Amino acid sequence: MSTQDHRKPLRARASGPLKGSIRPPGDKSISHRALMLGALAIGETTVEGLLEGEDVLATAEAMRAFGATVIRDDGGVWHVKGLGVGGLLEPDKVIDYGNAGTGVRLAMGLAGSHGFATTFTGDASLVGRPMGRIFEPLRRMGVQILARSGDRLPATIEGPEVPVPIEYRVPVASAQVKSAVLLAALNFSGTTTVIEPIPTRDHTERMLAAFGAAIETTVADDGVRTIAIDGGADLQAQKIVVPGDPSSAAFPIVAAAIVEGSDVTVENALLNPTRIGLIDTLVEMGADITIDNRRSVGGEEVGDVRVRGSRMKGVAVPPERAPSMIDEYPILSVAAAFAEGETRMEGIGELRVKESDRIAMMVAGLKANGVDVDEGPESIVVRGSARPAGGATVATSLDHRIAMSFLILGLGAANPVTIDDESPIATSFPAFRDMMTGLGARFESVDGD
Ligand code: S3P
């Protein structure tokens, strides 16, 4: 590595049983939305348990750039003084969203209903990700968009003189696309309808309703959801309590499942049905998981997830489950590496356009660590063993979930597993290393690998 290289390699070694309780950080999806709706509401919204990771801090900064007051008090509660629907102000700088795909896509929806130009950009990962899926419906609503290569960041978004409420059938299962359209529609008179053939996480709809938006969801017999929103309603400030992120909880959960003798409780994890596909899958694989203390926090169900180490067996994950665990396939493929037999993950093409091409990254890293794995255009198939070999260094390509997944592999593999850079973990789970070490995980920094 050159002296210019700021990457921080980290190594994970086979660990003894993991024991103890942890509270995962606040849910990333809910945290972004809380700051955004707070910025559009009248009055002061408070947010407890906000995820203070880089992605969400980029949204805090973006809402400040749009004129909202966003501060954190000494007790860790965030306060957002909003500007009212349609009240955002023209930013005097380019909004750099770093690594945050959800943040930028939702914020482009917000900006798209305001009559000034906003320019968005991001890091090397984000500028490579497709944005056409957001531009297409926004353009149909009359929004003007100029973008690099037609569908990449940097992009400049300017709201329409005459907005057009639309009926939009979401062509890919994406909560980000659905949310961008709903957030733009909030400020357009008339009814916009989003049709969702495959349900995705519903935090935007829940939170918009809680803030007082005129939004209604109907579910047809075949499961297709129709979400209608009338623009123009005022939003009222709320007190929000953010539950623990199931997508972050996934890492200690799988770690405890694969390391023999472990007994770990992940407290206060969000159990929204649109987010718990991983737990359902691990249970089908024979993982020893119980959920206690189910309760409601801020309109969402949460619970304490207790996991004990156990031998698992491979399963075929139904493709229709993908949206409820879309961010969990990297760590599921690590669990599969320790399961007896074959685990088939199909219908997961969306993984190729996340923070990295997660199909390619997982397949390459697992192979390098001695795991028997096949790659398809939209699938990963893993044939597990009691103890994968490990021993390799893997690239993380600015992808936090790839980084954490391979560290968890190292906790159970026969030989240490090294990632080339732990820095991306700070985007979603800054306390990952400390929390995992507290449970007994063996991680060590590596100088100049
Ligand atoms: C998210 C939606 C998902 C998910 C992302 C968070 C959200 O993305 O992968 O981490 O908060 O709406 P897609 O909408 O692209 O599936």
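Cβ atoms here come from the backbone N, Cα and C positions, even for glycine.
All TrEMBL annotations are machine predictions without curation.
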Note: TrEMBL has Lys28, Arg129, Gln176, Arg358, Arg401 binding phosphoenolpyruvate, and from Gly98, Gly101, Gly103, Gly212 that site also includes Gly101
Top of the binding-site residues Lys28, Arg129, Arg358, Arg401 by count of other CB atoms within 10 A is Arg401
Of all C-alpha pairs drawn from the phosphoenolpyruvate-binding set Lys28, Gly101, Arg129, Gln176, Arg358, Arg401, the farthest apart lie at a distance in Å of 19
Averaging pLDDT over all residues of the domain 'Enolpyruvate transferase' (14-435) gives 97
Checking the recorded positions Arg129, Asp327, Arg358, Arg401 against ligand 1, those whose Cβ falls under 6 Å of one of its atoms come out as Asp327
Taking DSSP helix as H, G and I and strand as E and B, the region 'Disordered' (1-26) has 0 helix, 9 strand, 17 coil
